[in-house]
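J.: Quick paste of what TrEMBL says about this protein:
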- 70-92: transmembrane segment (TRANSMEM)
- 113-135: transmembrane segment (TRANSMEM)
- 187-206: transmembrane segment (TRANSMEM)
- 218-242: transmembrane segment (TRANSMEM)
- 254-274: transmembrane segment (TRANSMEM)
- 300-322: transmembrane segment (TRANSMEM)
- 343-362: transmembrane segment (TRANSMEM)
- 438-460: transmembrane segment (TRANSMEM)
- 480-503: transmembrane segment (TRANSMEM)
- 510-527: transmembrane segment (TRANSMEM)
Amino acid sequence: MYGRYTQDLGTFAKDEAARLRLQQGHGEGDTPRPRRPSELLEYTQGRCAPCRVCALQCQRFLISKVGEDWVFLILLGLVMALVSWAMDFAIATCLQAQKWMYGGLDTNVLLQYLAWVTYPTVLITFSAGFTQILAPQAVGSGIPEMKTILRGVVLKEYLTLKTFVAKVIGLTCALGSGMPLGKEGPFVHIASMCAALLSRFLSLFGGIYENEARNIEMLAAACAVGVGCCFAAPIGGVLFSIEVTSTFFAVRNYWRGFFAATFSAFIFRVLAVWNKDEETITALFKTRFRLDFPFDLQELPAFAVIGIASGFGGALFVYLNRKIVQFMRRQKTINRFLMKKRLLFPALVTLLISTLTFPPGFGQFMAGQLTQKDTLVTLFDNQTWAKQGLSDEFEYLGILEAWRHPRSNVFVTLVVFILMKFWMSALATTIPVPCGAFMPVFVIGAAFGRLVGESMAAWFPDGIHTDSNTYRIVPGGYAVVGAAALSGAVTHTVSTAVIVFELTGQISHILPVMIAVILANAVAQSLQPSLYDSIIRIKKLPYLPELGWGHHEKYNVRVEDIMVRDIRYVTLNCKYRDLQHVLHSTKMKSLPLVESAESMILLGSIERAQVGALLSHQLSPQRRLQALRQKMLAEDGHRLSDASIRFQVRGAAAS
C-alpha cells in the first residue's frame, strides 16, 4: 500500500509539472523558458535567428533589384513631402487663428490691435527662445551653411536631430506669425538634415554616411528636394539648388536630384488633393493669362525696365540687410544689451512690423490684412485693377478688396506696399529665428511688376494696336516678371524663371521673364554679392566666394604671393621653452606640426588656443601638487627599501 501511494504521488508530480509547462507556453518536449537575463538572451537569439536571416536576405534582394540610391531617394522625398505638407497645414491654421481673433473683436479697435500685435509677438518670441535653447545652429536660412558643407568643411551640430527639430518647430511658428519671412532657404537645410539623419540612423544606408563622397552627393540631392517640395517645383528646385549651393556639379548627381525632387513634389501635391484643398494636382499659384497673344513686342522695353530696376533693388536689399546686422554688432552697447536679453530684439521687431500692418491703422494703405499667399494670388490676377489711375472703375471682390482705399488709388497702395515691405523684410530676416528671404523678396518683386503693369494699362487704356487688333495690357504678367527678376537679383540665380513657370503653371511669358532675370542678374552681380554670400561674410564661414565683376585681374595672383614664408612651427620633440618661444613670437591662430626641424615633414596643425590650454593644464597648480605627491611617495618608497635592505644586512651579520 505504501508503494502504491508513492507511485500515485509520483504520477501526480509528473502531471503537475506537465500542467505548469503548458501554462508557461511550451510543451513537454520543449526546453523550459529562461529565467536569468543571460538565458533570455540566448533564448531570443536562438528563436530570432531565422527572422534576422530572412530580413537580411530581403534587404539584399531589395538593394540588388531596386538599388540603394533609389530606395534612399524615395524615402527622402516621401519624408520631406510629409514634413512640408504638415508645416503648411500648421502655418495655415496659425494664420487662420489670427484672422479669427481679429474678426471676432471687430466691436473694439483696441482689443483688435492687442490681438493683432500680441499673437505674432508670442509666436516669434517662442520660436527665438526655443531655437536658442535647443539648437542655435537652426537660426537663419541654412543655405550659407550648406554651401560651406558642400565645399568639404565640417560644421558641427548643423546636421543633427536637435537642429532638425528646432528648425521645423521654429520655422512653423515664425511663418505662422505672419511676418514677412520665407521657407525656401530653411527647407534646403531641413532636407539636408533629413538626408543626413536617414543615412545615419538606417543601417541599410550606413555606407552612404561613412563614405564622404557619397554623403556629399546625397546632400546635393537633398538641397534639390528642399526647394522641390517647398514650391512643388522640381525642375526649378534642382536648378536653383545647383546655382545656389554648388561651384561645380557632378552630372551623375543630376538624376538623383530630379528623381527625389519630382517624387517629393508629387507627394506634396497629392496630399493637398487628399486633404481636399485642391480638386486635382495643379500649380500653387495658377494663372489664367491669355495664350493666343500674351504680350506685344512693344512691351519688351517695359519688361527690360523691370529687370534693370529689380537688379538695383536686389543689390539694395542685400546691402540694407548686411548694414542692419553690422550696425547691431558694431554698437557694443546695443550688442551687449541684446546678448543679455536675447528675446527682446525679435519681440521689438515683431511689435513694430505688426503695428504698421494693423489693418484699421496704416495697414489699410498697404493691404495689411493679406497673408503672403493671398498677396501673390491677388498680384497675379489677370484683370486690370485701375484704368487711367481711377480705382473705382474696377469691382473689387473677395480678397482683392484689401487693395482698395476710398481716399487713394491703387498706385498709392502699391507704392506704399513696396516701400514698407522692402525695409520690413530686410529687418525681419535679421531676427534670430529659422527663416528665409526668398518669399518676401518674391512678393515685393511681384508688387513692383504689378505697379509697372498697372501703369502701362493706364497709359494704354485700350491696349496696344497691332494689325487692327486690340490686345489689352495684362498686369498679372508683369507681376510674374517682377517676382522672378527681383528674387533672381537677390539670390544671383537664373532658375527663378523656371520656378515662376512651375508656380504659375504657365510658360506664356517665358521671353519677358528670361530677359528681365538676366538683366537683373547682370546689374545685381556688378554691385553686390548674393544674399547668401553676404551672410557667409557676416558669419565669417570658411568659404572662398567667387570674384565679382571688376576683379578679374586677381585671377593672376598666385599662392606664393599671399603665403607667409617665415612661420613658426612645432616639432614632435620640442620642449616647454620652445613652445613658449613659439607662442610669444607669433600671433598665428594655427601652428604647423612637423616631424623634425631637419626633415620638415608636415604632420598636421594645431590651434594656438589649444596649445595654450594644454600647457596651462599641464602646469596647473593641481598637476604640480600631484607631481610633488608622486615625487614624495617615490622618495619615501626608496627610503623604505633602503632601510629594509640595511635591516636585512644587519640581521644577516648578527646571525
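Cβ atoms are placed via backbone N, Cα and C, with glycine included.
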J.: Grab the same-chain neighbours of the transmembrane segment (254-274) for me: Cβ-Cβ under 8 Å, and only residues 6 or more beyond its ends, written as numbers and ranges.
T.: 69-70, 73-74, 76-78, 80-82, 84-85, 217-218, 220-225, 227-229, 232-235, 237-238, 241-242, 280-282
J.: May I ask for the residues of the chain that lie six or more residues beyond the transmembrane segment (480-503) and have a Cβ under 8 Å from a Cβ within it?
T.: 227, 231-237, 239-240, 242-244, 283-285, 287, 303, 306-307, 310-311, 313-315, 317-318, 376, 379-380, 437-438, 441-450, 452, 509-510, 512-514, 516-521, 523-525, 529-533
J.: At a threshold of under 8 Å on Cβ distances, which of 113-135, 343-362, 438-460 pairs most often with the transmembrane segment (300-322)?
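T.: Maximum Cβ contact count belongs to 438-460.
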